[in-house]
Amino acid sequence: MHLPWAPLLLVGGGAWLLRVAGFFHRGGALGYPVDYDEGVYFSAAALLSHGVLPYRDYFFVHPPGVALLWAPVAALTRVVDAATAFSVARWFVPVLGALSAVLCGRIAQSHWGTRAGIVAALVYAVHPEAAATERGFFLEPLLNLTCLGMAWVLLLPATGRRSWRQDAGAGVLLATACAIKLTAGVWVLAVVWALCLGGEGRRAVRVIGTAALTGLIWLGPFLVLAAEPMLEGLLRFQVMRPPDGELSTARRLLTMLGESHWGGALLSLLGLAVALGRLRRRDAVAERLFSAAWLLTVAAFLSAKSYWGQYNAGLAPAAALLSGLGASQLLLRAERHSRRFAAAVTLAVGLAALSALPVALRSANQRERGLLAIGGSIRAAVPPDAPLCAFEPAWAIAAGRLPGLPVGSPALVDPYGLMLNDALDGPSRFASAAAAFADDRTQRTVLPMLARCDALVLLGRGEWQLSAASERWVDEHFTRDGDVWKRKP
């Protein structure tokens with residue numbers, strides 16, 4: 001049966017426009033707010049082209065996938081300064097969001113019909129957190145596209161050798177997702193659940209076996225070069241880190257299910273109910289896969305040591321697909337009644353699918369306040385070859401610089417993660433990240449790095465992360481000149 005691509009491509013084009021809308025103003029792509037994490041991930045990707053490696057040369061708390069996958073784009077820093085490279089590279093990210101919207105639609109369309117596909121694509125396209133993260137260098141744009149690609153390959157109908165190839169392809173993509181962010185492990189469990197409950201245990205073994213081998217390829221070189229710091233960042237830090245962000249379980253759940261995307265959430269919950277009702281049907285692999293991924297992702301977010309609203313972008317693929325399933329069932333039932341009733345239900349479903357659009361549009365209108373000015377201050381005050389330590393990587397990027405360059409300078413790529421990791425060395429545990437930063441243990445590694453710098457940029461984040469004793473040390477050794485602290489003669 002022919003399934004039309006046109007409506008899905010149209011939604012994908014709209015998704016791209018919604019994301020790049022944040023760049024159409026005087027500041028360009030660098031004028032849209034730059035998150036701390038973006039600076040970390042872009043710096044990690046760009047430093048690869050300069051021979052500066054995560055784990056070996058600086059502390060890094062995520063798998064290497066984000067750095068490796070963005071490295072070809074971030075290598076622009078070899079040709080132009082970091083600010084220009086960041087601005088140019090940021091334009092590539094919305095393409096990933098548009099592709100994810102189209103994939104959501106295609107998967108739903110293949111299993112539940114074209115109307116389900118259109119709804120799934122729309123829900124993903126206007127998902128506020130997905131749209132926001134797909135304007136920058138977050139983990140989620142790559143993660144979502146990879147997970148959706150894995151699901152698409154896994155669910156394609158095939159037999160014989162083609163089935164083996166598809167399972168191998170799904171395994172490669174699954175490992176790639178895990179090499180981007182550890183929470184992709186929920187998709188590993190979802191795949192096993194979806195296949196094994198349908199009596200396809202051998203397929204599950206093939207997919208997971210391929211994923212394990214591919215994972216060794218992703219992680220192996222870094223394990224050889226720096227096994228201990230890598231395991232410290234990926235395992236110890238993630239398990240033992242002090243809590244941060246939104247700590248209330250109720251607020252986390254409300255942020256995931258309500259507030260900015262109530263319509264999509266209602267359709268998702270309806271789709272979840274339909275999927276759970278089909279749980280034991282042998283052919284309901286898609287229903288099992290996406291319901292498990294949704295439930296496990298929600299559980300992971302509720303139990304995580306840290307949680308920020310942008311993490312909801314990682315829930316968008318499963319939520320959008322379940323929305324498509326829920327909408328298709330609602331529309332099928334509506335068709336059993338009068339045309340007027342069916343039309344009213346169709347309108348209600350469309351409004352629910354697009355309910356998050358106003359929030360997504362407001363997000364696109366945000367402007368970065370102060371970053372370009374900070375970058376200008378650094379350019380004016382710090383020579384290009386002078387070692388610089390900035391507590392926000394984006395500040396250095398806006399000045400056309402990368403942490404750790406020139407090679408041999410302190411590679412303060414992620415001062416937040418580095419300092420919290422030092423807090424784990426003692427027997428006591430902290431109730432929050434703020435409490436940890438007040439302890440002298442968190443200052444143990446960062447102070448010697450600051451001592452090797454000719455200039456510091458602290459501002460609000462640095463003042464939060466430095467203890468009172470460390471701030472006194474900075475006062476003794478540096479003089480403030482606007483946004484920059486310069487070493488005293």
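Just so you know, glycine gets a Cβ as well, placed from its N, Cα and C.
Per TrEMBL, the features are:
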TRANSMEM  55-76  transmembrane segment
DOMAIN    62-220  domain 'Glycosyltransferase RgtA/B/C/D-like'
TRANSMEM  142-160  transmembrane segment
TRANSMEM  172-195  transmembrane segment
TRANSMEM  207-227  transmembrane segment
TRANSMEM  260-277  transmembrane segment
TRANSMEM  289-308  transmembrane segment
TRANSMEM  314-332  transmembrane segment
TRANSMEM  341-361  transmembrane segment
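The stretch from 142-160, 172-195, 207-227, 260-277, 341-361 that makes the most Cβ contacts under 8 Å with the transmembrane segment (289-308) is 172-195.
By the Cβ criterion (under 8 Å, sequence separation of 6 or more), the transmembrane segment (142-160) is not in contact with the transmembrane segment (341-361), since fewer than 3 such pairs are found. A Cβ distance under 8 Å defines the sequence-distant neighbours of the transmembrane segment (207-227), meaning residues of its chain 6+ beyond its ends; these are 53-56, 63-65, 68, 154, 167-168, 170-172, 174-176, 178-179, 188, 191-192, 195. For the transmembrane segment (341-361), the most Cβ-contacting stretch among 172-195, 260-277, 314-332 is 260-277 (pairs under 8 Å).
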